[in-house]
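Pulled from TrEMBL:
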{"type": "TRANSMEM", "residues": "B:6-28", "note": "transmembrane segment"}
{"type": "TRANSMEM", "residues": "B:33-52", "note": "transmembrane segment"}
{"type": "TRANSMEM", "residues": "B:58-78", "note": "transmembrane segment"}
{"type": "TRANSMEM", "residues": "B:90-110", "note": "transmembrane segment"}
{"type": "TRANSMEM", "residues": "B:140-162", "note": "transmembrane segment"}
{"type": "TRANSMEM", "residues": "B:191-213", "note": "transmembrane segment"}
{"type": "TRANSMEM", "residues": "B:225-253", "note": "transmembrane segment"}
Amino acid sequence: MSLLEVEGLSARHGLLNAVREMSFSVADQQVVAIVGANGAGKTTLLRTIAGAHPAAGGTITFDGLDITRMPAHRRVREGIALVPEGRRLFSELTVEENLRVAGRRARPGPWNVGSVLDAFPMLTPLRDRRAANLSGGQQQVTAIARALMTNPRLLIVDEVSLGLSPTAVDTVYAGLGRLRDAGATLILVEQDLRRALSFAGHVLCVLEGRVVLAVPAGDLTREQVTEAYFGLQSSEPR
Amino acid sequence: MNWINAVVQGLLLGGLYALFACGLSLLFGVMRIINLAHGDIAVLGAFLVWSITTRANVSPLLGLALALPVMLALGYALQYTVLARSLRGGTLTPLLVTFGLSIVIQNGLLQAYSPDVRSLGGSAGTLSTGSWHLTAQLSIPYLGVLTLATAVLMLGGLQLCLRHTGWGREMRATALDSDTAALVGVPASAVYARATAIAVGVATVAGTFLAVHSTFDPSSGPTQLIFAFEAVVIGGLGSLWGTLTGGIVLGVAQTIGATIDPQYSILAGHLDFLGILASPRGRSLITRSTT
């Protein structure tokens, strides 16, 4: 059975239909990369799944439970964690305080400040540093670590590598790779197609608020993605 | 010696202003609400303490201890019934709502208690009248010391809790970014309710000290709100230690003004506040809040 089931989901920004009747599912331990041009509705989709944006229609089912109208903080209790675009750390709090805020009402599970710092050793020397004083890569790792503190069953990372240096991207993916190999369920938004195709098991291509392609990453050529990405194939069923 | 006396009395008076300012500062820091009913809530608390004290014939401090749970519950209810809804209406709505609440409380108190001026000073015994006589011209009142000590304990304790406890971290995180706090499992409304309860509770303590220190009636709230607001701005928005300093600066300015001429007492406090607003720090405060 799939862990996350999205059916006919719509979400709006005012009059703009950012997400239009999207349907897809994510199985347990699956790693899904969502690709698509800017403005395709990826971030809105993820925020709607996490409860930070209201759904205008359709349903979101998580582990058999309809969570479409559930407030964000209760979805965290159910096991959904979103690393938002732009990291959104609590800037005046230290790294450790950022982690502890997320851990306070966490589900029971393997992640705590100790195990998170073991998984991301680069954070240990930074734990008393204010989040505002971190580099972009350090912030992204802290944001992922903060999301892990809630012991998620589904970790969603928006714009994994946006604004990061190539070395920082490697560091972040090394951390995500360890999570993937440990059997985590992940949804990533990634602008870098090569990264997305090599890291994820499944790829979801989004164009103008609709899913235009959903296939295992192995079966996919760059050309197919590019076509779906820019909507060159007008005959593609939508 | 006159001047030393003025500064000492000002310090002690500043404790009272800091107590009034504490709740205002907390609500502004956590929820970005300027609670215009803050002074009236303090006066409401003072009336409740007055009722308990006169009915049960106990000391005002015991009356305060009995009134506090009621007022804390009222704070919770205030957030869930009124403030939470008004926050959804944008930044201006809470201002209008608390202004309305201020009028409702004042008129409710007028209806229930009549416009008579009251004081808890009589039932407090030596606490309100006694003092340590250091020299012929310098005496330190018990009540002033107790007020200042309470202010230091409450503001300092609150600041330490915000820094070092789990719920304090949640409160700071929610203050910085309530949407992201929800994404890590922190419900903003529960954090706001806790902040409102604390603010109403500390306001009740402040109202009680005012009632023992001098007199109060149903329309005393707005004056206290102005002093509290000035203390918050002088001390810098969003810092509780700053609020304590602000209250003390305001108190000292008033007593020094009164030493020059009794009619300058309140005016000196206002001038001090305006001076801070006109200073570079005050200007940075204004530009920061508009960007």
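Glycine is no exception: its Cβ is also placed from the backbone N, Cα and C atoms.
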Ranked by Cβ pairs within a distance under 8 Å of the transmembrane segment (B:6-28), the first of B:58-78, B:191-213, B:225-253 is B:225-253
The transmembrane segment (B:90-110) touching the transmembrane segment (B:140-162) per 3+ Cβ pairs under 8 Å rule
no
Of the listed stretches B:33-52, B:58-78, B:191-213, the one with the highest count of C-beta pairs below 8 angstroms to the transmembrane segment (B:225-253) is B:33-52
Outside the transmembrane segment (B:58-78), at least 6 residues beyond either end, the same-chain residues with a Cβ under 8 Å of its Cβ set are 45, 48-50, 52, 120, 123-125, 127, 193-194, 196-201, 203-205, 208, 211-212
